[in-house]
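J.: Swiss-Prot lists these features:
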- D110: active site, proton acceptor (ACT_SITE)
- D6, A7, G8, N9, T10, N11, I12, V13, T133: ATP binding site (BINDING)
- G108, A109, D110, R111, T187: substrate binding site (BINDING)
- D130: K(+) binding site (BINDING)
Amino acid sequence: MLLAIDAGNTNIVFALVDGREIRARWRIATEGRRTADEYAVWLVQLMAIGGFTREEIDSVVICTVVPRTLHNLEVLSAKYFGVKALIAGTPPLDWGIDIDVISPETVGADRLVNALAAHHLHSGHKIAIDFGTATTFDWVDEKGAYRGGIIAPGINLSLDALVGKAARLPRIAIEIPKTDSVIGRSTEESMHSGIYWGYIAMIEGLTERMKQEIGQPVTVIATGGLASLFAVHTSVFDVIEPDLTIRGMALLYEQKAPTKFTAHSGGFAADFSPL
């Protein structure tokens, strides 16, 4: 079974993937100082609660946009699961899709695994919208080439900036406003309107402009924890794929399975035998 570790700026998701089925997933706050042992204590206990054992894990893939987390996640893979992890985005990794942009090496690994999953799951042109710490819009053409996109502040980031810089504004929950009116009758209603309806306007406006530039029919795929929140009041999404990133990581692993990794008393050593 594959352990897929998706380390974002806000949370790290650990998912167990068996073939094309995602058997379980757990989430922990991203913390660069957390050690491999700390990850293991937390993860192995949750696996046990779910009825899984360490011995069932025979492969690991890691996708991180937070470099300081990578080393300890690699140690976690080697020390506790006995395998060398495949690292998404590590040169000279061949993604299996063309990356048709300026400076391909600067594109985030999370955006590329989303592109890979979008290409394999849907035909034609695709726009993958991922609601994370940043909100990203990524275009994958009908041949599977990654053609670029948009990076905008995520909704939590926008709210943090608003509350942090405006001393008299209160912290509010990110939720669907209680009224369809965009005109707030109180400070809280006005903030809900700006955050929620403002984001709807951004999503619809940017997606429409991308469609106009592409000039061909496009499937719009939404992913990330807040996708379903916005789907209530916009018809711009054709598909919601909550696990797009994890599915892309599993596809990447299928294409580029790494070698075995064995531990011994003097440290860790790769035996380079195929899985």
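Including glycine, each Cβ sits where the backbone N, Cα and C put it.
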J.: With the substrate site defined by the record as G108, A109, D110, R111, T187, how many Å span the farthest pair of C-alpha atoms?
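T.: The two farthest binding residues have Cα atoms 39 Å apart.
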J.: If you measure every Cα to Cα pair among D6, A7, G8, N9, T10, N11, I12, V13, T133, the residues listed for ATP, what is the largest value in Å?
T.: 14
J.: Can you tell me how far the Cα of A109 (substrate binding site) sits from the Cα of G8 (ATP binding site), in Å?
T.: 10
J.: Between T187 (substrate binding site) and T10 (ATP binding site), find the distance joining the two CA atoms and give it rounded to the nearest Å.
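T.: Taking the Cα atoms only, T187 (substrate binding site) lies 27 Å from T10 (ATP binding site).
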J.: Under DSSP, is D130 (K(+) binding site) helix, strand or coil?
T.: strand
J.: Whole-number answer please: how many Å between the C-alpha atoms of R111 (substrate binding site) and D130 (K(+) binding site)?
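T.: Counting only the Cα atoms, the answer is 8 Å.
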J.: Quick one: Cα separation, D6 (ATP binding site) versus D130 (K(+) binding site), in Å?
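T.: Approximately 13 Å lies between the Cα of D6 (ATP binding site) and that of D130 (K(+) binding site).
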J.: Please identify, among the recorded positions G108, D110, D130, the one with the smallest Cα-Cα distance to I12 (ATP binding site).
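T.: Given the candidates G108, D110, D130, the nearest one is D110.
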J.: Could you check what DSSP calls D6 (ATP binding site) once collapsed to helix, strand or coil?
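T.: Its secondary structure by DSSP: strand.
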